[in-house]
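Here is what Swiss-Prot says about this protein:
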{"type": "CARBOHYD", "residues": "Asn111", "note": "N-linked glycosylation site"}
{"type": "CARBOHYD", "residues": "Asn176", "note": "N-linked glycosylation site"}
{"type": "CARBOHYD", "residues": "Asn228", "note": "N-linked glycosylation site"}
{"type": "CARBOHYD", "residues": "Asn250", "note": "N-linked glycosylation site"}
{"type": "CARBOHYD", "residues": "Asn311", "note": "N-linked glycosylation site"}
{"type": "CARBOHYD", "residues": "Asn326", "note": "N-linked glycosylation site"}
{"type": "CARBOHYD", "residues": "Asn341", "note": "N-linked glycosylation site"}
{"type": "CARBOHYD", "residues": "Asn373", "note": "N-linked glycosylation site"}
{"type": "CARBOHYD", "residues": "Asn386", "note": "N-linked glycosylation site"}
{"type": "CARBOHYD", "residues": "Asn422", "note": "N-linked glycosylation site"}
{"type": "CARBOHYD", "residues": "Asn482", "note": "N-linked glycosylation site"}
{"type": "CARBOHYD", "residues": "Asn522", "note": "N-linked glycosylation site"}
{"type": "SIGNAL", "residues": "1-17", "note": "signal peptide"}
{"type": "TOPO_DOM", "residues": "18-559", "note": "topological domain 'Extracellular'"}
{"type": "TOPO_DOM", "residues": "581-615", "note": "topological domain 'Cytoplasmic'"}
{"type": "TRANSMEM", "residues": "560-580", "note": "transmembrane segment"}
Amino acid sequence: MIGLLFVFSVLLSFSVGYIFPFSTSNGPTVNDTLQHAIRSQRDVSKPIPIDRVEFSGVSLSSFFESEGYSSDSLSNLYGLLKENIAGVMIDLYWNEFTSKWQLCPAPFPNNITYTSSNRVVDVSWNNRTYKCDPNLSTDDIMSILNNFIRDTNTDVEANFMHVMYNLKSIHYKKSNQTINLENAYKEKNSNFNVGMDTLNDTVSLLSSYIFTPLLLEQYQSSSSKNANSSSSIRYIDSLNETQAIQKFYNQSTILMPSLQTTLLTQYKRLMVHVISNDMAESSRSYQISFSDKETIFFNNVFPAMIGHTNNASADDFCYELTHAYNGTDVNIMEFNRVSLNSTLRLIIDNDKTPFTTDSLSKYVRCGYCPVFNSTQYSSQKVTEGNSSIISQEFTSNLFWSWAPGQPSGPDNCTNCTRPVTNYTSKYSEASNGGSDEEEHSNNIAYKCVALTENGWEVSNCYEKYLFACQNKLSRNEWKLDNYTKRNYFDLDDDDCPEGYFFSLPRSNIEMLSLMTTVKQENVSYPIWIDLNDITVENCFVSGGPYAQCPYQETVTTDKFVRMIAPSFVVAMVVLVLIFLEKVFRKTPIQTNRKRYWKKAIQEYYAKNDYEGVPS
């Protein structure tokens, strides 16, 4: 029995330990370094508006074109979402014959036949033949997104996503000669129902998670009232960092809520955009409804700026921004113009000019959100232990923040001790006459983040580097003192000029403006930024060495049930065994011992029948 209880306690301890890892995801595994990079870049971006939060996307058309328009082509989507893909671009076709939205680029003849074992059929339109499943709809895509959102719906893992529609038409010119065409493609069988009636219907499965134009309007109205009721004059010194960020980005062309507000206060996980509308002009064309406008962002509300890798416009934009400086200063106005211009800035590749590691890094750093559209990315299945081509080739290039392989300490580090609780400030060091200098030189604590020419890297907090000071009211204006170096523990806002504070970039444009300042002032890397994981390993926070990790150990209900189930089963088995022991088990040794002594005493008294007290 004791052995069973010991086994139970071991299993229970293992299960409870498993309930609260820092990452609690299901599905294809993602290496720890990538998870930490994804989460930390998201956390850094929390105070900035959601339209400035960089993401990477994938075009589903590339999967459909290479594998056919069926649900099997979506098998990689969940795995890609786990690998830091947060955008899904979809070509959506308005079928003028049936007045439905569908994913297949060709109409289905009304006499089409298919079997449950082979649902994919060949359909032709405009001199092209497609393999399409009539049952395929946007619900197949949205159900995968819904599962991913549910599986990651914790403060630790939740990210903000984008669904992007390209609207197209299955169009024909109506005439006497097209009567037979209409008869062939008009929907006649009510049991054969292909597509959705409205745009709003295509995303109805995700309705509770969508940040809508209606919510944006409510936020803007509320923000306007708060601004009018508060004082119009605020001293710069009284602003904390969050207020300073809000004050700067409130000058944007479109006032948007922060990622923190949207993701962790309103609990919204995605936006839906129509990024292009190429529907043919026709009396049978789809008419955008009021309900659509309340749910989906169109270009007149939130515009999209789309670049293509085979077009020089995106490269020209990046070149101008990365060279926005001269011998005397950085062109802050140009960086601010880009930062405050509210657009969905996309760069899309293709088979002729796919992304390279260098081009992808360039586009991400200068403010573009890449969308992988080349068919080469769909050639490999994404399973547990088998990552996608995108992840294998471009993981390090999807981040505007971290350098390749980061966040991580140095390779083969055998003495990476972390004496971070007992450090000496610059003030106590001065009072000791600099006696702590030698002690600091022997300390190692790879817990602080420095900017290098390749991006952020985890560095030894006791090293003395230059440090980044950011203007409180102008997010792209930085000061770097080439004559002053500090270790991370000695840094505070007093080391920066008036109106500046020790800070870090929170967007790709802020990052680029800092790196441009480094070039303009001709200073050397590395440079300290306000980011560390001192209090909790791999929980990167800003606010100095005393900043606390904001996360409690949380887990979704579904995951908690799945993880506690083994312990519950073991506990029930042990309870049943205890019950069976109490009911059915007897101890023969104890029972015989009782009977034997009772009989022996009775026989003794029968032979020795004393009366009175023996002498």
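We count from 1, first residue shown onward.
In case you wondered, yes, glycine gets a Cβ from its N, Cα and C as well.
Note that the structure is a prediction, hence the values are computed from the model and not measured.
Residue pair Asn326 (N-linked glycosylation site) / Asn176 (N-linked glycosylation site) shows a Cα separation of 67 Å.
Counting only the Cα atoms, the space from Asn373 (N-linked glycosylation site) to Asn111 (N-linked glycosylation site) is about 34 angstrom. Of all the glycosylation sites in the list Asn250, Asn341, Asn522, the shortest Cα-Cα distance to Asn111 (N-linked glycosylation site) is found for Asn341. Taking all protein chains in view, 12 other C-beta atoms sit within 10 angstroms of the C-beta of Asn386 (N-linked glycosylation site).
The distance from the Cα of Asn176 (N-linked glycosylation site) to the Cα of Asn482 (N-linked glycosylation site) comes to 79 Å. Mapped onto three states, the DSSP output places Asn386 (N-linked glycosylation site) in strand. Here the C-alpha separation of Asn386 (N-linked glycosylation site) and Asn311 (N-linked glycosylation site) works out to 33 Å. Here the candidates are the glycosylation sites Asn250, Asn311, Asn482, Asn522. The one whose C-alpha lies nearest to that of Asn341 (N-linked glycosylation site) is Asn250. Of all Cβ atoms in the shown protein chains, 9 besides its own fall within 10 Å of the Cβ of Asn522 (N-linked glycosylation site). With respect to Cβ neighbours within 10 Å, the glycosylation sites Asn111, Asn311 differ, and Asn111 shows the lowest count. Around the Cβ of Asn250 (N-linked glycosylation site), the number of neighbouring Cβ atoms within 10 Å comes to 13.
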